[in-house]
Amino acid sequence: MTVIYFVLAALALGFLILIHELGHLLAAKAVGMTVESFSIGFGPALVRKKMGSIEYRIGAIPFGGYVRIKGMDRNDKEISEDREKTVYDIPGGFFSKSPWKRIFVLAAGPLANILVALFAFGILYFSGGRTKPFSEHTSIVGWAHPSLEQKGLRPGDRIFLCNGQVYSGNKMAFSSSLLDRKLSLQGEHPAYFSEAESFSLDVPFNPSLEGVPCLGASYLLYRGSEPLPEKSPLIDAGLSEGDRLVWMDGALVFSGVQVSQILNEKKAFLRIERQGKIVFVRQSRVLAGDLQLTSYFKNELIDCQYEAGLKGKWASLYMLPYIINSDGFVESKINLLNTDQQSLDYHLELGDRIVAVDGIPVMSNADILRLVQDHRVSLIFQRMSSGQLSVLDQKAADKAFIDSYDMDDLLRVAGSVGEEREVSHLGEYRLVTRVQPKPWVHIYSEELLDKQRALASKFRDEQEKRYYLERIESEKQRISLGIPLKDLAVQYNPAPLVLMGESISDSLRTVKALGSGRLSPQWLSGPVGIVRILHTGWSMGIPEALSWIGLISINLAVLNLLPIPVLDGGYILLCLWESVSRRRLNMRLIEKGLVPFMILLILFFVFLTLQDLSRVFIG
């Protein structure tokens with residue numbers, strides 16, 4: 001099937017080039033110009049056939065195509081035979097027509113691409129659109145980069161505007177920050193636990209240096225079609241198909257990345273009595289050897305270690321960065337030895353009493369010390385109905401997501417964590433406590449990483465190869481729940497003109513960012529890369545392929561309309577100047593000026609092709 005998809009991808013790209021050149025051909029014939037040749041590709045002809053006065057060719061270099069119209073250059077045979085003639089004097093020639101007719105012919109190619117895009121988007125719309133993961137186009141945040149979280153963007157927030165445009169998902173946040181080197185966001189903190197509150201933030205952000213700014217929220221569903229690994233910490237949790245993970249250690253969870261972050265943060269989930277009220281906090285667990293401990297407290301810690309039945313050196317024990325008395329009351333905080341290398345957030349207050357650690361009730365500081373050596377998580381799953389699991393229209397999906405919580409029941413279940421009698425079931429919610437997560441490698445087979453290692457070993461750069469191999473090894477040790485969490489599908493079907501507008505806007509912003517130096521050419525693709533993209537689209541189904549065909553067709557139109565010599569837009573600019581100035585063009589001067597631009601364009605396409613090939617063969 002891969003070969004078939006590759007052939008379909010190559011044919012799709014060839015079709016878009018064909019349509020572009022066909023637009024020029026039909027327009028030229030319509031205004032009475034004489035067309036000499038019609039070629040798909042440049043260089044020596046692999047196939048040629050003359051039909052009437054036009055020679056049709058397929059060139060050896062698949063970088064585009066051209067329509068050769070009589071009299072387009074000074075080397076035309078009629079000019080060579082008569083030195084007094086100019087390109088303007090050739091009957092049926094390109095320059096024999098008025099500037100506006102020439103502009104019509106030049107614009108016909110990009111216009112044909114725009115019509116193809118509109119047609120592709122129209123078919124997509126009237127066939128029902130595409131089925132996409134909810135996370136891909138939601139305005140709800142599933143995870144936020146730490147720099148954005150510090151500015152107030154949190155998982156679960158809803159974004160309305162991104163850099164002045166209506167927000168359409170995390171891909172928009174990435175592209176906007178890539179092109180503008182900043183993010184200006186407006187949205188709201190939805191009413192999950194309290195009243196909804198508006199927010200806005202404006203922060204510099206460069207994804208080339210900082211990575212992905214945010215991810216979309218996901219439903220985190222256990223579908224049941226993929227069984228749990230035998231060594232999964234949740235193997236005996238009694239999960240059923242359609243169960244959704246909604247809460248973990250005191251927080252609503254909105255994405256797999258957020259779940260992984262909570263699992264790997266080395267924090268304990270504490271139930272606290274504070275001034276007669278129950279509060280929950282997540283507090284860092286710190287190695288005792290990293291804290292400023294007096295000799296007296298070291299001896300106290302060793303006594304507590306003995307009482308808790310813990311072996312090993314006291315410095316290798318995890319503890320909370322506080323002095324806690326035998327009844328579990330917080331007496332004071334303990335500072336780090338080296339504050340330059342790390343910092344701590346202190347969430348406990350003087351007089352707080354710790355009554356449970358990771359959902360397990362405690363009676364003494366020895367119980368606390370014993371339990372903070374490992375991290376057990378408390379989880380709440382929501383039993384989703386068949387109606388809630390059905391495919392929704394993307395426009396209604398965000399509201400359905402926010403409305404899917406019964407916060408009264410959820411808060412009652414969550415508030416019971418650490419009580420002697422927990423509320424294990426209430427309504428559609430079920431509490432699962434004392435789950436012991438494990439390193440990934442202790443749950444799954446290491447053979448699953450062999451493919452990633454093989455890809456990393458292909459890198460020619462030794463430093464880059466070592467980086468990726470080390471990253472694979474570190475990922476093995478990441479703490480995991482051992483559960484495949486899937487997203488809910490939504491029907492994504494914007495109107496054709498909306499897709500057209502977004503595509504044109506993105507293309508123009510990309511050109512602007514390239515020209516200003518904010519965007520590196522490494523983010524671009526040439527013919528090989530476009531075929532790979534179309535190959536991926538075909539492999540995902542006809543709707544996805546239609547979407548990419550429309551998008552690439554729009555990009556071809558925008559590219560050709562750029563006011564750069566040798567492109568359609570450059571010639572249009574010359575014709576406009578001729579029309580305004582009422583003076584004929586100096587073709588000798590123009591042809592000399594075109595040479596460096598032609599060389600630069602060829603070098604640019606060669607660079608993109610080599611870059612695409614390196615992605616294929618190196619990674």
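The backbone N, Cα and C atoms fix where each Cβ goes, and this holds for glycine too.
According to Swiss-Prot, the protein carries these features:
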BINDING   HIS20, HIS24  Zn(2+) binding site
ACT_SITE  GLU21  active site
TRANSMEM  103-125  transmembrane segment
TRANSMEM  558-580  transmembrane segment
TRANSMEM  593-610  transmembrane segment
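Feature map: annotations from Swiss-Prot on the structure.
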residue: HIS20; record: Zn(2+) binding site; Cβ contacts under 8 Å, 6 or more apart: GLY65, GLY109, PRO110, ALA112, ASN113, LEU556, ALA557, ASN560
residue: GLU21; record: active site; Cβ contacts under 8 Å, 6 or more apart: PHE38, SER39, ILE40, GLY65, TYR66, VAL67, GLY109
residue: HIS24; record: Zn(2+) binding site; Cβ contacts under 8 Å, 6 or more apart: VAL67, VAL105, LEU106, ALA108, GLY109
